[in-house]
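The annotation purine D-ribonucleoside binding site is assigned in Swiss-Prot to His5, Glu180, Met181, Glu182, Ser204, Asp205 on the grounds of similarity to another entry. What Swiss-Prot lists as phosphate binding site is Gly21, Arg25, Arg44, Arg88, Val89, Gly90, Ser91. Per Swiss-Prot, the feature active site, proton donor maps to Asp205. What Swiss-Prot records for Arg218 is site 'Important for catalytic activity', and it gives sequence analysis as the kind of evidence.
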Amino acid sequence: MATPHISAAPGDFADVVLMPGDPLRARYISDRFLEGAREVTSVRNMLGFTGTFRGRRVSVMGHGMGVPSISIYATELIKTYGVRVIIRVGSCGALSTDVKVREVIVATGAGTDSNVNRMRLMGHDFAAVADFTLARRAMEAAERRNKPVRAGPVFTSDLFYHPQEQLNATLARMGVLAVEMEVAGLYGVAAESGARALGLLTVSDHIITGESLTPQERQTTFDEMIELALDVAHAEPTP
């Protein structure tokens, strides 16, 4: 049964879904990494595809920008289509001088200036954390591929152009590795819905140093992150 935002039929989605923000990235992942992939939804041009990776059925779908957008799609995927695992694959801006552009961050947890998780807990704080098994798989996959990654907390913001510039220094002092716009929302949806989630983030820009990747570097590093995400997906037992 379709939802207001997803037109797929029952069974069209695999139980594991990779979610980039950009729907064109979803098409790219489908074309480059999946075998026998087909488009399963295109409502509002938020494209979704299902195929196989090394024989394991996997889906990929865009989630748009920000906590509200990813929350809508993740909720409908989990509750209507039976998705059990969602892996966000996106970009982030580094907050620490110890973190370099091109690095991939395994987001073990996410603070946020969004109010969505407090709404879930009637005004109380919620520990928005990744599924431990998924995070461990990502670290192990990176080690096998000899790909340096970092594991640690990130900060999810509702504002891309944030007026409180002093916040960055505070976050860095507290050990937050990077800022992005969706992970805390995804982890909240997963916890509320009994699903599991992980955020894998490529450092595309450095907020402190001003360094950023070239378009070619972004593509290459993005591919390395997708390979890690697919390794994590492939290791998930089929239901």
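The backbone N, Cα and C atoms fix where each Cβ goes, and this holds for glycine too.
Feature map: Swiss-Prot annotations on the structure.
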residue: His5; record: purine D-ribonucleoside binding site; DSSP class: coil
residue: Gly21; record: phosphate binding site; DSSP class: coil
residue: Arg88; record: phosphate binding site; DSSP class: strand
residue: Glu180; record: purine D-ribonucleoside binding site; DSSP class: strand
residue: Ser204; record: purine D-ribonucleoside binding site; DSSP class: strand
residue: Arg218; record: site 'Important for catalytic activity'; DSSP class: helix
Alpha-carbon spacing, Gly21 (phosphate binding site) to Glu180 (purine D-ribonucleoside binding site), which is rounded to whole Å: 11
Cβ-Cβ neighbours of Arg44 (phosphate binding site) (radius 10 Å): 13
Which recorded positions sit within 10 Å of Arg88 (phosphate binding site) - Cα, from His5, Met181, Glu182, Arg218: Glu182
Residues that sit under 8 angstroms from Ser204 (purine D-ribonucleoside binding site) by C-beta distance, when 6+ apart in the chain: Ser91, Cys92, Gly93, Val101, Ser212, Leu213, Arg218, Thr221
Mapped DSSP class for Arg44 (phosphate binding site), helix or strand or coil: helix
Candidate with the highest Cβ count within 10 Å, taken from the binding-site residues Gly21, Gly90: Gly90
Between Gly90 (phosphate binding site) and Met181 (purine D-ribonucleoside binding site): CA-CA distance (Å): 10
From binding-site residues Arg25, Arg44, Val89, Gly90, the one whose Cα lies nearest His5 (purine D-ribonucleoside binding site): Arg44
